[in-house]
Amino acid sequence: MTTITLIRGALTNWREYLVLCKPRIVSLIVFTAIVGMFLSVPDLAPWRVFLFGTLGIGLGAASAAAINHLIDEKADAVMNRTQGRPLPTGKLSREQALAFAITLGLSSMIILYFLVNPLTAWLTLASMIGYGIIYTAFLKPATPQNIVLGGASGAMPPVLGWAAVTGELHVHAFLLFLIIFVWTPPHFWALALARREEYSRTKYPMLPVTHGVDFTKQQIVLYTFLLFAVSLLPFVSHMSGLLYLVGAIGLGGRFVYLTIVLYRNTSNELAMKTFGYSIVYLAALFAFLLVDHYLPKFL
């Protein structure tokens, strides 16, 4: 496939290519990376690093998402939630999706390596491989703990953002990593619980299918309590202040409450409500981190 053909296809089917990028997920990824950038310095992150770092990390995340679509095509075709995606419907071919994923990935590496720094480029590449290939192709079909074992790649964005600005790794960046890492299982298992009948038709051994509803709910509650504790670490380590602490307690308390309600009253509606709140929770928690970091400077 020539470059001209790819460009023409992208212009014609741009909505389908956008779906391949999983824009909602990538938006959250990019936001947490941006928070990592700004928390890494006392003042504002340099505009050049902010611009190209955000672009490069976003393109890398979109590339991994497109690879995920490629590998998940057969499973997507039998699930109501994903049957309308570009590959199962034939709106895009596998060749188009692969060329798109490669183009995004190469663009990400070039931007990050030459316009940001090599460390961020290599870490982003590792994250792309971790999510797009290791998790999707190997862990996801192999074990019910796939989301736990593969969660590291999805938790990397704040580390990438931090490295983009400072050119180094820092323990505070890994506190942000740990929050997302522990957040991922209850977030995903709430969705899997609501869609357990659909997942039972795929090759993937999702926890509600292999271990049952009650065990899955128990794990969701346990991980959410663990997340509540982990979310306090930025305050305990003096990385963040009282404003963040109040936000973390309020947001975490609501998350714990929803999971307990779900544990006592199983329903797909409650599972989806918990899943939806988990997204709001993570975005709001990182917003509190950002506001807490800068608000004292304006008071």
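Yeah, the Cβs are placed from backbone N, Cα and C, and that goes for glycine too.
Here's what Swiss-Prot has on this protein:
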type	residues	note
TRANSMEM	25-45	transmembrane segment
TRANSMEM	51-71	transmembrane segment
TRANSMEM	97-117	transmembrane segment
TRANSMEM	119-139	transmembrane segment
TRANSMEM	147-167	transmembrane segment
TRANSMEM	173-193	transmembrane segment
TRANSMEM	225-245	transmembrane segment
TRANSMEM	275-295	transmembrane segment
With the transmembrane segment (25-45) as the reference, find which of 51-71, 147-167, 225-245 contributes the most Cβ pairs under 8 Å.
147-167
Have the transmembrane segment (119-139) and the transmembrane segment (173-193) got at least three CB pairs under 8 Å, pairs 6 or more apart in sequence?
no
Contact set, same chain, for the transmembrane segment (275-295): CB under 8 Å, 6 or more residues outside the stretch:
28, 31-32, 35, 38-39, 158, 176, 179-180, 183, 186-187, 190-191, 194, 231, 234, 240-244, 247-248, 251-252, 254-255, 258
